[in-house]
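Everything below concerns the one structure shown next.
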Amino acid sequence: MEFPSFDHLNVWRECANVRVWILFLLLLLLKSDVCSGSDYLVGLGSYDITGPAADVNMMGYANTGQIASGIHFRLRARAFIVAEPNGNRVVFVNLDACMASQIVKIKVIERLKARYGDLYTEENVAISGIHTHAGPGGYLQYVVYIVTSLGFVHQSFDVIVDGIEKCIIQAHENLRPGSIFVNKGELLDAGVSRSPSAYLNNPAGERRKYKYNVDTDMTLLKFVDDEWGPVGSFNWFPTHGTSMSRTNSLISGDNKGAAARFMEDWFEQKDYGRTDSVVFEDDALPRRMSNIIPSHHDNHRELLELATSFQSPPGRPVTKTSSVAKRVRSAHRKVGKRRFVSAFCQSNCGDVSPNVLGAFCIDTGLPCDFNHSTCGGKNELCYSRGPGYPDEFESTRIIGERQFRKAVDLFNAADEEIEGDVDFRHAYIDFSQLEVTISDQGYSEVVKTCPAAMGFAFAAGTTDGPGAFDFQQGDDKGNPFWKLVRDMLKTPSREQIDCQHPKPILLDTGEMKKPYDWAPSILPIQILRIGQLIILSVPGEFTTMAGRRLRDAVKMVLTSEEDFEFDDIHIVIAGLTNTYSQYITTYEEYQVQRYEGASTLYGPHTLSAYIQEFKKLAEALIYGEPVEPGPLPPDLLEKQISLLPPVVLDATPLGVNFGDVCADVPRNSTFKSGDMVTASFWSACPRNDLMTEGTFALVEFLQEKDAWIPAYDDDDFCLRYKWSRPSKLSSRSKGTLEWMIPQGVTPGVYRLSHFGAAKGLFGSIHHFTGSSTAFVVA
């Protein structure tokens, strides 16, 4: 038997080494493929945009008496960025705000361009509002939207612009290889039609195509980091942010903001393996238990003795960052990993109410008139009822939880992976005089949109928040007295009256230019594409049927071309995006002139105009062609007028410190889940410091016998901060904390603490804190 020579052995060794290196390189390539997971970079971010919690009118109901005076829970801007490693990218920002604002977007884009150059522009950035009616107003630039807030409120504007910029920066810095999944499911009990008589005016054949008179599908995106796993979710579902009523004065994200808070807290516990503390019972709030709260004492007497040793201390000064340091939710859940971000985005909610029990007369308890939503001819008596009626907080929780539950189901089951190009198209359109070609069964006609105008039924409000005086929904005539009042401001031309017919014009806002524009004329429209997901960014509130027509028209364009990769595409409408121009109804709904039709600014052909222009964007998207950018909207920031008086001085009674308790928790108190614990403190105007990424209110838990750790803050649904003063000109004020103890709370010793900032005689700001007497939760 011959043995190979050493030379042959060396050759074999060299060949083996080569084969090993080739195998190693192949494994590296495979590992790289596994790690990348997809062709996307994904980043998410979130930042506090809670505005002034005092003195500022709430945006949404246009109720001059609805002035902010505290916080239900905080408002946030949440963003995702999806980018091709060497190609396009898109940004979507969801605001816990009533709507997007043109001037806000203009200034955000200016900041992004200063930081990133042309990476982020008005074309690939979408900013959308959830339509809460419980956020501070004054941040839009057109006169009609800031009348009730006494003009422009720079503090409202600044915190929103800052928060959007910071959440986009976070998302940009968090960009990492990841995958995206999409899922869709039906949610039946979170919205009802508030204008069914207008919906019934749509063609019967069209209505027969749909089972319900509202859209019931929720579409959800699940974002998965290749290393860290799931990092966030965004979903779109239509229902109004009007669970909180027109008399509420606490800043709140309403049902969608609540759903986002519930889902982020759910995932935090799920990620920590604390699924046992997530409650899903029908009568219990989905809750977050602080992950640092230790096991409790079993001896109730021992707890009472311990609590008794902690009486309310005097208020004391603290640093500006003290409340930030006390935040319950840390920005980093794990080293190197950002917190989970969940957004519940708005869609075609124009005629969809979360008050699912229906509309009833408050004097008789009977259903309101079907066509006019009146009670004995008066619209002021007709109110819709949420599922927690008469408790608006409970209604908000229930509708929020229903969206949260559906989102969790979709999130857990999401298995359709997003694949394909990232792309976008954007254009500015002058809707005040746009020619629209309407084709029907071979017949073609050219019509025009009109300068903006609001009808008489606009002033009637809706069943979610009725108006005043003798206005009614469904009014296509108007009345002589209010026409005289209208003419004192601006008499509409005969051409405008004919163009807007059958809408009787109450405010001819599109032709009112003093002191500056009352309503927008130039509007942005935008399509974002992420693989088989198409987002239609619309600057207003589409009704159910209007949204269906728009989606169908765009889908027909996209799926009629063989070059488009996907036949089974997902198209969502992102309502109230990039700016605000009120409502968009169908032509048939417009004829009825309920609130939504009266608020369709640009006349009966508004929807046809949107469909025409979005089809152009869709065609450009398919063929990779650019679109004409269109005329730029005005920047009216320098023209803004503000009549909101500043904070002059904060004071307390002689011998009293800021932060001192003025109404304490009773000594030797024991509470249980479902109880309300209350304490009041000598405080100062919350406009002095918005406590951004901090808190005005805190529930603290006693760890061992001497360390107080944060358990709940004013970003929790269960803790409310209420601010009050004895009169409008008084320099004295109080801050009241109300903690509704959630189900399953860890038993132990707790106390309530308040943070604030007082303005001195010469304008200096002094931060302070105070705490209540301790108490036991059994």
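Cβ coordinates come from backbone N, Cα and C, glycine included.
Note that TrEMBL annotation is computational and uncurated.
Quick caveat, the model's predicted, so the values are computed rather than measured.
Annotated in TrEMBL:
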- 1-37: signal peptide (SIGNAL)
- 40-612: domain 'Neutral/alkaline non-lysosomal ceramidase N-terminal' (DOMAIN)
- His131, His240, Glu541, Tyr583: Zn(2+) binding site (BINDING)
- Ser353: active site, nucleophile (ACT_SITE)
- 614-777: domain 'Neutral/alkaline non-lysosomal ceramidase C-terminal' (DOMAIN)
Shortest C-alpha distance to Ser353 (active site, nucleophile) - which of the binding-site residues His240, Glu541, Tyr583: His240
Residues that sit under 8 angstroms from Glu541 (Zn(2+) binding site) by C-beta distance, when 6+ apart in the chain: His131, Asn348, Cys349, Gly350, Gly575, Leu576, Gln582, Tyr583, Ile584, Glu596
Under 8 Å by Cβ from His240 (Zn(2+) binding site), counting only residues of that chain that are 6 or more apart: His131, Gly191, Arg194, Cys349, Val352, Ser353, Pro354, Asp464
Cβ atoms near the residue listed as 'active site, nucleophile' (within 10 Å, other residues, all chains): 26
Chain-mates of His131, His240, Glu541, Tyr583 with C-beta within 8 Å of site centroid, Zn(2+): Gln346, Cys349, Gly350, Val352, Gly540, Gly575, Leu576
C-beta crowding around His131 (Zn(2+) binding site), within 10 angstroms: 27
